[in-house]
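Q: Quick one: the structure is below, and I'll ask about it shortly.
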């Protein structure tokens, strides 16, 4: 099926199923183009609370689809590809959290939304890269258990002055770990007039050399402040920014900064997902109930 026919079939099935497509900023350009709603993790979570459609097709990775299901237990949530997983989310096991709680019984558990529903069920509050600093600042504790991203945790510690206990000790995003100081220096040489926008999942030494440190939603807000940017995050963010601001120049810091899990979602898989109503996302009720409290607390605090 050619692309135009595929898109027409998707639109037809969306109408028949009363479905919407929610997509993350790291999706393939052709998936971004057909999304009803496009955003970062926080924006997608906020949107998921107020969805009118009966079916949500989630063009993102598994933990994002789980969050949508937790917030909409009565709706059908579809993840078009079983391989749309997040390696970092899988690094955090419940036992890591329980062990940290034994060592720091009074410390609140703050979990990045890039975590499983099972892990979120043990959290006091969840955060995204967009609101982590704001939420940790509001917590009445100078010590927090934070996971799974160590780099986001160190950024939060640096900005808030609070002590962050990372769980697991070396949780990370393999895409953002690719970026190095050499990439920063190369970007400065190649694009001398550009500023650097860096995601807080990048290594601290990369963050320290940035002009701004921001979530993907933050990058969108900051972009109009300058006319040329090098983007230190997943490469598809350059497409998203370029569409929003056609008169501003954006360059990927690395062409190989690719999230394989995100790229598992294609137009074909979205079409098949709507056609066959697969793959349905389910979260056990007890886990969903506990995880929902942590997610809703995040939405209230941000």
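Cβ coordinates come from backbone N, Cα and C, glycine included.
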Q: For the iminosuccinate site that Swiss-Prot describes with 24, 112, 113, 114, 129, 199, 200, 201, 216, which of these is also annotated: 41, 154?
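A: When Swiss-Prot describes the iminosuccinate site, the candidate it includes is 41.
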Q: Rank aside, I only need the closest one: which of the binding-site residues 24, 112, 114, 199, 201 has its C-alpha nearest to that of residue 173 ([4Fe-4S] cluster binding site)?
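A: Ranked by Cα distance from residue 173 ([4Fe-4S] cluster binding site), first place goes to 201.
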Q: In whole Å, could you give the widest CA to CA gap in the iminosuccinate site formed by 24, 41, 112, 113, 114, 129, 199, 200, 201, 216?
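A: Comparing all Cα pairs, the maximum is 17 Å.
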Q: Using all protein chains in view, find how many other C-beta atoms are within 10 Å of the C-beta of residue 86 ([4Fe-4S] cluster binding site).
A: 21
Q: Within the same chain, and leaving aside 86, 173, 259, name every residue whose CB is within 8 angstroms of the centroid of the CB atoms belonging to the recorded [4Fe-4S] cluster site, in sequence order.
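A: Same chain, not in 86, 173, 259, Cβ within 8 Å: 61, 87, 88, 89, 114, 174, 175, 176, 234, 261, 262.
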Q: Can you see whether DSSP assigns residue 114 (iminosuccinate binding site) to helix, strand or coil?
A: coil
